[in-house]
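Step one of this worksheet: look at the structure below.
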Amino acid sequence: MGITGMTYMFTMVLSLIVLIFSASTVGFDYFQFTQQYQPAVCNSNPTPCNDPTDKLFTVHGLWPSNRNGPDPEKCKTTTMNSQKIGNMTAQLEIIWPNVLNRSDHVGFWEREWLKHGTCGYPTIKDDMHYLKTVIKMYITQKQNVSAILSKATIQPNGNNRSLVDIENAIRSGNNNTKPKFKCQKNTRTTTELVEVTLCSNRDLTKFINCPHGPPKGSRYFCPANVKY
């Protein structure tokens, strides 16, 4: 093989290595830890929920995200090995239920893993590490929005609440970093708080201010007062 051929071969091998590395490491800036208020999710959903709801914020998902540009999705085709969930199941069914269909909790976790969790490498190592990380954040690190609001004496009694009061309460349990809100109208006059997102750096080692939420005029924009 001549010098030209060797150069070509070296270039091809190097390109393959770069391609493999790129496929396993997807760019993202930070994580969104999004929790949804169960009654509001069911009220805003076109199809009624199959089962009664709890007045709790429970996990929607943990999502690698970008401040600018699209968020990564479905970075690998690696499906979740649900047989390994084992003794985590009981905790996950409480903190991360499929609110719309409680007979399909595992399917919900599998879809969240495939769409979002597969893009969290190297912070998220694999499917079981994804589930364990969510449990750690919600329970051990006390990133439970319902508990944070309750500590600030903001209870889910169905009244209109100042969004500023809700934000201040969450900041007090979140190192004074800005959360993100998602709301939705369930009647002409009533807008419910549907989701609260807490944001962390890409290593999940500290809270950061969330980038802006839904813009004014969006169907998910939160007004000054919301039902909770």
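Including glycine, each Cβ sits where the backbone N, Cα and C put it.
Swiss-Prot lists GLU112 with the feature active site. DSSP gives GLU112 (active site) a helix state. Residues near GLU112 (active site) in space but far in sequence (CB under 8 A, at least 6 apart, same chain), listed by position: HIS60, GLY61, LEU62.
Around HIS116 (active site, proton acceptor), the same-chain residues six or more apart in sequence whose CB sits under 8 Å from its CB are GLY61, LEU62, TRP63, PRO64, GLU73, listed in sequence order. According to Swiss-Prot, the feature active site, proton acceptor maps to HIS116.
Taken from Swiss-Prot, the feature RNA binding site covers GLN36, HIS60, ASN98, VAL99, PHE108, ARG111, GLU112, LYS115, HIS116.
Residues or ranges marked as disulfide bond in Swiss-Prot (evidence: similarity to another entry): CYS42-CYS49 (among others). Annotation note: CYS42 (disulfide bond) sits in a helical segment as assigned by DSSP.
Under the heading disulfide bond, Swiss-Prot lists CYS75-CYS119 (among others), citing similarity to another entry as support. Secondary structure at CYS119 (disulfide bond), as computed by DSSP, is helix.
The disulfide bond annotation in Swiss-Prot covers CYS183-CYS222 (among others) and rests on similarity to another entry. Using a 10 Å Cβ-Cβ cutoff, CYS222 (disulfide bond) registers 23 neighbours.
Annotation note: CYS199 (disulfide bond) sits in a strand segment as assigned by DSSP. The disulfide bond annotation in Swiss-Prot covers CYS199-CYS210 (among others).
What Swiss-Prot lists as N-linked glycosylation site is ASN87 (among others). The secondary structure of ASN87 (N-linked glycosylation site), as reduced to three states from DSSP, is helical. In this view, ASN87 (N-linked glycosylation site) is surrounded by 6 other Cβ atoms within 10 Å of its Cβ, with every protein chain counted.
Annotation source Swiss-Prot lists N-linked glycosylation site at ASN101 (among others). Under the three-state DSSP scheme, ASN101 (N-linked glycosylation site) falls in the coil class.
Listed in sequence order, the residues of the same chain lying 6 or more apart from ASN144 (N-linked glycosylation site) and placing their CB within less than 8 Å of its CB are GLN35, PHE57, ILE95, TYR138. Secondary structure at ASN144 (N-linked glycosylation site), taken from DSSP and collapsed to helix, strand or coil, is coil. The N-linked glycosylation site annotation in Swiss-Prot covers ASN144 (among others) and rests on experimental evidence.
Among the features that Swiss-Prot reports, N-linked glycosylation site is placed at ASN160 (among others). The DSSP secondary structure for ASN160 (N-linked glycosylation site) is strand. In the shown protein chains, 15 other C-beta atoms lie within 10 A of the C-beta of ASN160 (N-linked glycosylation site).
The N-linked glycosylation site annotation in Swiss-Prot covers ASN175 (among others) and is backed by experimental evidence. In the three-state DSSP classification, ASN175 (N-linked glycosylation site) falls within coil.
The signal peptide annotation in Swiss-Prot covers 1-27, and the record cites sequence analysis as its basis.
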Candidate recorded positions GLN36, ASN98, CYS119, CYS183, CYS199, pick with smallest Cα gap to ASN160 (N-linked glycosylation site): CYS183
Listed recorded positions (GLN36, ASN98, ASN101, ASN175), ranked by Cβ neighbours within 10 Å, top entry: GLN36
For RNA: widest Cα to Cα gap among GLN36, HIS60, ASN98, VAL99, PHE108, ARG111, GLU112, LYS115, HIS116 in Å: 19
